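Enquirer: Before we start, here is the structure in question, set down as structure tokens.
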Amino acid sequence: MATINDNYLKLKAGYLFPEIARRVNAFAEANPDAKIIRLGIGDVTEPLPEACRTAMIQAVEEMGDRSSFKGYGPEQGYAWLREKIATQDFQARGADVDASEIFISDGSKCDTGNILDIFGDNNIIAVTDPVYPVYVDTNVMAGHTGVANDKGEFEGLVYLPVTAENNFTAEIPSQKVDLIYLCFPNNPTGATATKEHLQAWVDYAKAHNSIIFFDAAYESYITDPSLPHSIYEIEGAREVAIEFRSFSKNAGFTGTRCALTVVPKTLKAKAADGSDVELWKLWNRRQSTKFNGVSYIVQRGAEAVYSEAGQAQVKALVSFYLDNAKIIREKLTAAGLSVYGGVNAPYVWVKTPNGLSSWDFFDKLLQTVNVVGTPGSGFGAAGEGYFRISAFNSRENVEEAMQRITEKFKL
């Protein structure tokens, strides 16, 4: 009989967001007249920028003409898109990234999991706690962990607590770790990292021959000019870091699918024989074998982000969601809740009141005012007693949700 990958059996019964959906669906079936406002999963609500739509429509028309039809594209992505990304997203900020080091993909969620294909099974892996669940679950699936304890912490992972006491920025570990997951602006806490903080991580990685996986999916929400948008703005990062970015949260590509990963050609890791191997070559080989590239139509849409009109439209989208975050922050703070994040980030991290657990607060919020958020405990043990609220929704829904909470929800 065929056998399975038993590592999947170590995972919790359900990924966080499907469990939220299950509870919400059960409530909706029992209460068909309830108007549920979803501020949980970080999916965008506003339409694609006009510049992107126009470019994609034109690309569709090209596909209808033999002279301009496109078949299989380059697995790494079209050069015209990678050049614009390198120039406008990185080099314009002083980050030394070449277009040849950029790989276009269909999502940074996919890439943060798939990147493990090119690393060995014996690495010591560090994650923050709370953390985006994909970082943990993909390592469990790959067999890099033992079983989970009662708090949901997996044996074999190094957890770095982020709390109000350390301003939700993890401290440098005292032990040696090999692979480090960092996400700034942070999901779920909304925390940001200064250049000094990232420099400390880069220095640690250089001293210990570690690799940093830097998730910058929300960098477009940074408005503070002192904060870095890319880890490659930090001296020495090209020797120790891989960066992941996405068009999902700046240009609304959650349903369109386009992202990118940067693997510097100067980045190396050890082979079993002790030799140094360029990770760019391994990732290129992996992508060429397992990935056929993002569609031409979608890449033309992504390219339009870098046009003058596209830049203005994306900026307006980001500002819209940041204004939502500001409303959430101000209303919940006025209601007496302890609130973090929501500045330079689209997520607001809320301390649950009166000692309520994260899931109890979720259920109470859903049942009393029909508002959905994300239980902090779903992001890790240190997230217990917290709750994430997303700014990704319409202005009308955000304002109504906050009105319901402030007027009808008893803290």
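The backbone N, Cα and C atoms fix where each Cβ goes, and this holds for glycine too.
Note that the coordinates shown come from a computational prediction; the quantities given were computed from them, not determined experimentally.
Feature table excerpt (Swiss-Prot):
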type    : residues                                                                              : note
BINDING : Tyr15, Gly42, Lys109, Tyr132, Asn187, Asn292, Arg388                                  : substrate binding site
BINDING : Tyr72, Ser108, Lys109, Tyr132, Asn187, Tyr218, Ser246, Phe247, Ser248, Arg257, Asn292 : pyridoxal 5'-phosphate binding site
MOD_RES : Lys249                                                                                : N6-(pyridoxal phosphate)lysine
Enquirer: Would you find the one among the binding-site residues Tyr72, Tyr132 whose Cβ has the most company, meaning other Cβ atoms within 10 Å?
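Expert: Ranked by Cβ atoms within 10 Å, first place goes to Tyr132.
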Enquirer: Expressed to the nearest Å, what is the distance separating Tyr72 (pyridoxal 5'-phosphate binding site) and Asn292 (substrate binding site) at their Cα atoms?
Expert: 7
Enquirer: For the binding-site residues listed here (Ser246, Ser248), which one has the lowest count of neighbouring CB atoms within 10 Å of its own CB?
Expert: Ser248
Enquirer: Could you find out if DSSP has Gly42 (substrate binding site) as helix, strand or coil?
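Expert: Looking at the DSSP assignment, Gly42 (substrate binding site) belongs to neither helix nor strand, so coil.
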Enquirer: Do you know offhand how many angstrom separate Ser246 (pyridoxal 5'-phosphate binding site) and Asn292 (substrate binding site) by C-alpha?
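Expert: With distance taken Cα to Cα, Asn292 (substrate binding site) is 18 Å from Ser246 (pyridoxal 5'-phosphate binding site).
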Enquirer: When the Cα of Ser248 (pyridoxal 5'-phosphate binding site) is compared with the Cα of each of the binding-site residues Lys109, Tyr132, Asn187, Asn292, Arg388, which one is closest?
Expert: Lys109
Enquirer: How far is it from Lys109 (substrate binding site) to Lys249 (N6-(pyridoxal phosphate)lysine), counting Cα to Cα, in Å?
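Expert: Cα of Lys109 (substrate binding site) to Cα of Lys249 (N6-(pyridoxal phosphate)lysine) measures 12 Å after rounding.
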